[in-house]
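Q: I'd like to ask you about the structure that follows.
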Amino acid sequence: MRNSMVRLEGATKVFSTPEGESLKALDGIDIDVGRNEFITLLGPSGCGKTTLLQAVSGFVELDSGRVIIDGQEMNDRPPYRRPVNTVFQNYALFPHMSVGENVGYSLEVARVSKAERTERVASALRMVGLEGMENRRPRQLSGGQQQRVALARALIARPKLLLLDEPLSALDKNLRETMQLELKTLQHELGISFVFVTHDQQEALTMSDRIAVLSNGRIQQVDTPRAIYDHPANTFVASFIGASNLFEGQANGDVVTTAEGTTIRHASEGAKNSRVTALIRPEHFFLDATEGCPAVDVVVEQIVFVGSSFELFGRTEQGRRLSAHVPAARRATIGALQQGQKSRWYYDPSAVHLIQGEVA
Amino acid sequence: MRIAAALFRGSLYAYTALFFAFIYIPLVLIVVYSFNANPINMMTWSGFTTEWYAQVLGFKTTISENALYIESTDQLVAAVLNSLKIATATTIIATVFGTAIALALHRFNFVGQGFYRVVMFMPMLMPDIVLGIALLIFFVNAGISLGITTIIIGQCTFLISYVFIVVSARLAGMDRTLENASADLGANEWTTFRRVVLPQLMPGILGGALLAFIISMDDLVITYFIAGIDVTTLPMFIFSMLRRGIKPEINAIAVMMLTFSFVIASIGLYLRSRQK
Ligand SMILES: Nc1ncnc2c1ncn2[C@@H]1O[C@H](COP(=O)(O)OP(=O)(O)O)[C@@H](O)[C@H]1O
Ligand SMILES: [Mg+2]
């Protein structure tokens, strides 16, 4: 594959826990990252994201499987001879060096001349908006600035592939959102591949060309943010990304019937007469009756106003908890609805996504 | 309630004051005595003098009583030089080996690691007398004639432990991801060690070295056993002087040693604060 920047084939890593058990941190991972692609590894804490990243950078030696970077097998190469750079989770800036020395470290190691180094350090710092900060010490900087130094340090040697391990998780919300956009822009301008790790689904949806959802050392789904959101491959992906109303039951024609008797209409072709889980996103429910649209009857338990929308939480007669998001612009449809009252939540059958199998 | 709290606070202050008084009054007294002109009873002040310093340093060899107190300044100077020589050698050896062992035990996982750790602690826990006798028996049986060499070897056996412990503590607090960051930026193991690990470790290494130096300068019991008859160190020399009573010169020597230790400790603290 000419357009592949990194490829993992059957990557497996087993750790032994202190209790003497073995733990599969990576369980047969196959993934292909394209040139110029922004791919995000998304999953809950402990699912193997860092391990996967370190298998690429070389700090984790695989038990089996191959790591191929830019067409070359890397399995036996030590980290310092791999053509990747990393932005570490806690930045890992050298505390005994100035900002300039930190940023210029890889050039110094590569014996680049002092004059060229000074110039490139200055331009790398300019790139991340820290012009003239060469002589500061890392500990004199704020979290966001340290983050930028780490970024400049990793990018100064112009790698074709940058690995970022939860780089924004330590920043506060506003700064995080600013940095998300900046990183995305930077990746686009530099034209290199980013493998970005996060456990924040919103961040993954915002930034990525593609998202790889991980759980228990396995890849659950790799696809574009939209495809992952609209067509999750399994119930783990459906419930990890975005809020979900899941109805597991028996498909029969264009109807899914749950064990307690709720019926959901759908418009998909495939699943006939099999066990499936129907997914309706909260924003696909609406409160005003529409010709030909089926509905679910609920008792409203809570109405929360979050600014851009109202979040309604309710329960079906059979006790299933559901949620619906009504855009603030359509608040009229909520009317005088109050906690404890009955309400009909309508949906379009074509907005129902069917997942094979049941909730894990 | 109020009164009880005030009482508690008051006694705490009193305790603190007593604690420091207990430690520092003897030291202050020695400094004062070292300038007391009274040659017979130093508890009685009879005027300020620097005579004892002059005698110790060999500027006043003409005073008749001199022979009584210090047989010759040359002996003292020789003892000081011996101590410095030994302390310098042991500090270098103990620092190199203690640091190397700490690094090895930190870095590599191998069978019996815990055992080696305990082995490294042992010499510190052993009574000096036992260690001294054990070393003496060893040197005699091995046919090594006692002298400066045996003192250096003997002191190193426990000084390595001190350096090991200080450096290990520093290593334990060190961030492993910094080494990963260095490797990630293209530095091989040696460069990473030189540019990242060593600078971070330096306060620990210097601290260990200063500790080793001071303990070596100070050691009496073990050194006494393995010194043989030809070599005298400063602590041995002072001890032998004491056997003939406490003379004013001893105060002068003590004050000079105190000053020396103080300077070394200050350098240590200064280096430490700069490295932080
Ligand atoms: N060096 C290690 N030794 C033992 N277990 C490890 C080691 N590194 C990671 N693990 C385990 O492997 C699993 C995956 O870890 P990690 O990749 O760090 O997860 P994530 O980055 O997704 O939070 C976790 O259960 C973790 O405890
Ligand atoms: Mg992690």
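Positions of Cβ are set from backbone N, Cα and C atoms, glycine also.
Residues annotated as transmembrane segment in TrEMBL: B:12-35, B:86-106, B:118-140, B:146-167, B:196-215, B:221-240, B:252-271. The feature domain 'ABC transmembrane type-1' is assigned by TrEMBL to B:80-268.
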Q: Quickly jot the same-chain residues contacting the transmembrane segment (B:221-240) by Cβ under 8 Å, restricted to those at least six beyond its ends, or write none.
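A: That would be 75-76, 78-80, 82-83, 86, 128-129, 131-133, 135-136, 139, 145-148, 150-151, 154-155, 158, 250, 253-254, 257.
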Q: Quick one: find which recorded stretch in B:12-35, B:118-140, B:146-167, B:196-215, B:252-271 has the most Cβ pairs under 8 Å with the transmembrane segment (B:86-106).
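A: That would be B:146-167.
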Q: Determine whether the transmembrane segment (B:252-271) and the transmembrane segment (B:12-35) share at least three Cβ pairs under 8 Å, counting only pairs 6 or more apart in sequence.
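A: These two segments touch.
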Q: Could you tell me what the rest of the chain brings near the transmembrane segment (B:118-140), counting residues at least six beyond its ends with Cβ under 8 Å?
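A: The answer is 101, 105, 146, 150, 153-154, 157-158, 160-162, 164-165, 221-222, 224-226.
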Q: Can you name the far-off residues of the same chain, 6+ from the ends of the transmembrane segment (B:146-167), with a Cβ under 8 Å from a Cβ of it?
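A: Result: 82, 85-86, 89-91, 93-95, 97-99, 101-103, 120-124, 126, 131-132, 135-136, 139, 201, 204-205, 207-209, 211-212, 215-216, 219, 222-223, 225-231, 233.
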